[in-house]
Structure formats: structure tokens, C-alpha cells
């Protein structure tokens, strides 16, 4: 994190938030702390409560119970327009009757800034997102990616205490999505605003976040830096939701899991006794061995990497991810032996 | 695609027939209203000038124009915030509001007048007997048409997201409605306004039975004593409303051009 960040960002605290809609508990005791200047992604399947959490932080929804505070100030009952937050929406949200620069300057106008300083600040924000030359266009003259950039500039123009991103990229096509995602991160680091980013796209979350919170059924399953989330999932849900995992039969004794006849460390939180080990495809290597007990079924070429699916004697499919230079030696039907890298695995009860 | 001569001729004849059917009565009205009185020869504008010179007719015209204005203002002030609010906060109530707004369409005007006659005796008691108190009844009368026009305009924009975006930037509800929603539904509001004006300018049953002197009532009375002048007033009012509707068509077409694509 930059120095700018610690100066400008504020800490955000969501405490024990619950939101009940009729019979549905959209949030079920969510507690989340954001460090000043940090970018936290909330990741989860649709309906897991991530958007509800963000909307409650924005003041666009009210929690059934629990509190929201920013920079130590309790905002739970403060209306959305008094919360001083910037928000980018999933749907295109530029005001159609205003030019781009008027859109960006709208929040400043409401704050009573004079015309000249408003235009200056709005122009600076547009430059920051690389759209300075489009200031006098209307939303319908911009592409989807450009509209979302303007929305980002508009949200940041008011120097919000918190930046909220509600799946801002999901309406865009794949290439623009990656570009804009990197741009959001660059801009966020530059301005140092504490940011909550909600997405269902794990690649997006892992790529931009300082920490990723995985949510399921209204609760936070794990909150950790991307690498840790990937290598050391705390729960079965996280292990299965984030990245690809093979479920392989395993037995755990004294913190050591026996998987495919090999011994690897078991992560904290693993089940004891027999269960399923969640093993990443890249942790499995495939060795040609006529008596290996596994058969290659498909080889899928993905560029630098290839995905090789093998079948064990008992019918279990195992996916391995290899460098394509190694995978070319394998063809479907080959007898192979599977080896598991000695990185820790999570073993879950069946 | 080339069109045959026969088709073109047929079309021209058809258009001509319609033009004659529509414009002949208007021309006849104009002719009748500008004929010199009695056995005198030539044309006169006296009957048209009568609209200004005659105290009663003039005041009824002013009353009707003001009624139209007040009806439009009250309709917009009541309907737009209510409809936005319902869409954003109580979507469940939308069907109910729609039903209530369309209700006046299904009840004959006569029935409504009989029903509200007693209410109006209180209204006139409290607010005086100016024809302008008819505003309240007329707002109800124009509700079905206005509701439809505004509802279509609201459906064309993402009110929820726009309002939330504005709220998050610090806008209160008043600002959201006046500065964000209203500018984006102007064509719908204009449509509602013009239709309301047209309805109010031609409304006879309410005004006549509640005994207020609006233009249609004055015209009907005048027709008995001075029919050429009544004819002039009728033609003028018709032209006025037609111009409004033509204006609406052009305004909404311009808006479409401006807001195209996306």
C-alpha cells in the first residue's frame, strides 16, 4: 500500500450485520473490517449476501440488526446521501441528460463547489481514468467500458471516505473487463480510498484485492490475502469455490494426510480420519508408468499450460495441470502414475 | 421499391378524400364565423374580436386556460413524485396506484359529477366559487392519460439505478426527482401535460353541471344567442389544441433523436 493510502483512507467496520427479507436471511451475522486504504473484495455465488452487505454499507439498504461504522463514526442510521461514499453500479448509471463532465461534477455541485473548481476537479478525474477528451459527450455516445470509467471518476470526484464497487465489470466483455479491472486497481492505489469491491468472478477478486472475503449463505467463510485464500482455504466451501480442486479420498492422522498413497501436510481445520482432500490441479504431476494405476482420458491444451484428465482405477476423475511442454508426451489411453506435491491440503469430511 | 402509378393515384385520392372530410367542416366554420351580419356583403372579424371584447367570453377563456395550467401543474406535482416513490420504495403498490389512476376512465363523467357535487359545495364554500376550483376534479379526470404517459417514460429509464447513483453522490429525494428523474422523463411529462390541456379545454360535463363558466360552457351558451361568435371561439379552441398536439409530436421526435442509440 502507498503512503497516500494510510493518509487518506478510513477504516470500515461492519459488525454482526443481519438482513432478513421475509423468510430469507440475506446476511447472517456478517462482521468485516477494512483497513484504511485497503481494497477488499467480497466474493461469492449469487445470493450469498455480498451485494446486500455493500448496499448496507452504502446506506441503500438497512440492516435488520448490526452496525456500520466508518473512521470510528457510527453510520448505521445515516441516510445514503449523507454518508459521503462513492459508488459504481453494475448497471450503467450515468445521468443520460448530462454530459460526461457534468456527470462527474454532479456530486461536487451538490457540495456547493463553485463552477471553476468543479470543472477543474472533474477534468482531473476524467484524466485519471483516461477520458479527458470525452468530457462533452453524452453517456449514449460512450462504450460500456468508458461509461464505467466515467462512473468511477464520478464516484471518486467527491473524495469519498469509502469507494463501493458493485460488480462494476460484469456488464462488459472479457477483454475490457481485464483492462478496466487493472485500471480500477491502479486508480484505487493512486487515490488510496478504502474500497469494497463486490464480484462473483474469482479471477477478478484474486487479481485486484488486498484481501478477499469469500461469502456463503450470508456469512463470511474466510477473509485472507488472495494467495493464502488459494493455498490455504479455511473451509470446504472456500476450497471448492476458489479455483479448481480435485476431491481425492484421503485419511488424516496427526496432521498428515495420506492422498493417492502419498503423505502431505493437512491444513488446520481439516477433518480427522477419512475424508476428501481438495487438491489443486497444479499440485498433481503425471508420470508415465505402465503400473501407475491411472489412465489419461483427455488432454486439453490451454496455451502455456495444459489440463490433463486422468481416471483412477476406481473411476475417480483427477484433473492435473501441467506445462504444455510436459503434456505433449501424454496421449489419451496412456497408463500413468499420479504424484501429489507436498503442499498442504484441506481435507473435508465426506 | 417502385410504386405503381395506380397506387400513387389511389393514395392521392384517398388523402384528398380524408382532407376534404376533415377540413371542410373547419372551413365551413371559418366561413360562417367571418360572414358579415344580416344582408351586408363581405367579411368581418367582429365575431373573432368578440372573444376579446365580450367580458364573459373573455373571462371564460382565461378561466379555461388557467384551469389547464393549474391542472397540469398539480398533476405533475402529485403524479411524478408519487410514481417515482412507488417504483423505488413500494413496488408492491404499483398495481394499486395504476388501478386508482385508471379508475376515472371507467366511470362516466356524469356519475363522477353527481358523486362530487356535494364535495364541491364544500370546496366552493372554503375556496370561493372561482371556476379554478375545478382544478381538483380535472386532475382526477386527466389521471388515466397522464399516468400512462409518465409510466411509459419511467419504464424507459433505469430509475432505481439513477436514483441510487444520485443518492450516493449526496442528493436528497427532492434533488433526485427534480434534477435527475424529471429531466429524463420530459417527453412523457410533456405528453401528459398536452393531453391534459386538450382535455381541460374541451371539458363540458363537469363545468356545466357544477355551474362554472369555462370556455366550453360559455360557448354552448353563446351558441344560442350569437352562433357565429360561438363558432369562432370553437374554431380558435380547436386550432389551439391541435397546435399543442402537433408541437408535442415535434418535441418528442427531437428528444428521440437526441437520446438515440446506447
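Every residue number used here counts from 1 along the chain in the order it is shown.
Just so you know, glycine gets a Cβ as well, placed from its N, Cα and C.
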Listed range which TrEMBL flags as transmembrane segment, given the options B:61-84, B:157-180: B:61-84
Where TrEMBL places transmembrane segment among the ranges B:32-51, B:232-251: B:232-251
Most Cβ pairs under 8 Å with the transmembrane segment (B:12-30), selected from B:61-84, B:96-116, B:232-251: B:232-251
Positions whose Cβ lies under 8 angstroms from the transmembrane segment (B:232-251), at least six residues beyond its ends: 26, 29-30, 33-34, 47-48, 50-51, 57, 61, 187, 190-191, 194, 197-198, 201-202, 215-216, 218-219, 222
